[in-house]
Every structure is written in C-alpha cells, then in structure tokens.
Amino acid sequence: MSQFDVTVFTDGSCLGNPGPGGWAAIMRCNGCEKELSGGFALTTNNRMEILAVLEALEALRDPCKVTLFTDSQYVRNAVEKKWLAGWQRNGWKTADKKPVKNRDLWERLVPLLAKHSVSFRWVRGHSGHPENERCDVLARAQASRRGLPEDPGFTA
C-alpha cells in the first residue's frame, strides 16, 4: 500500500507565556484541505507548537509521508537534531540532568514519528507565509476564546 503525501502547516500561540493558548494546523492531501484548531486556558507557546504537530499527525489514520511546515525551531530541532531521542535515552532528562519540559506531549509524538515519514520545513513566523499566517490567525482566535479547558499537562 502506498503512503499518501500530506502537507501540514502548524502554529501555536500564547497570550502571555504562560497564558491562554491556541494551536492550529492546516492539512492538505489530494486537493483537499482541512483546518484543525484548539486551545487551553493556561499553557505555554511551546506546548501549543508541539500540540499543533501532534493533533495534525494524530488526525492521519494511515501511515503517511508528511511534509510539515512550522515556525517552531523548538519542535523542529527536537526531532531533527535528535534531542527527542537523547531525552528518551537519558530517562527524559536534559543534558544538564533536568526533567524535560512538555514530556507528556513529546511521549505522544514519539509513536507518531515512527508511524509517519515526517520531513520538517522551517518557515519564519510573521513573514507573510500564507498558510503560517492563517494558522496564526486560527491559533490566536482559539487563545482568545472564553471558557477554554485546562491544559492537563501544564505545570507552572
């Protein structure tokens, strides 16, 4: 069975850091497009950036070849520079022996990276990239909503 080629654009936003936050993803495959977004009452920008990637990859039922555009160097570097693999090897500790932040989200991401063939592409945020700008609008709209749920993994 051949893999579908999927293009994903993601962004996360936080109004204050920590503060209310939102995430968004635009997914394209075979001429179809889908927008996903959500948010939490109290979270961080990095959690929202990771969650945007997670939610997009979790939405893909079958293994896919994914080209993922993000403005988050944190997410991209964690995967491409093998920080994630190192954190796992070190019992979820950083190089200076501190607990890895956002471990709950990283642990959800690991099997998705094994399931899908994901290639990250960095885009400069707020530089006029149409899909990144659209994701930013969606993420900010989510962060601005009233009655957002609590982020179960956020710790101050």
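Indices start at 1 and increase along the chain as displayed.
Each Cβ is built from the backbone N, Cα and C atoms, and glycine gets one as well.
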* Asked: The Mg(2+) 1 site in Swiss-Prot includes Glu49, Asp71. Which of Asp5, Asp11, Asp104 is also listed there?
  -> Asp11
* Residue, out of the binding-site residues Asp11, Glu49, Asp71, Asp136, whose Cβ gathers the largest set of other Cβ atoms within 10 Å -> Asp11
* **Using Cα positions only, nearest of the binding-site residues to Asp136 (Mg(2+) 2 binding site) (Asp11, Glu49, Asp71)** => Asp11
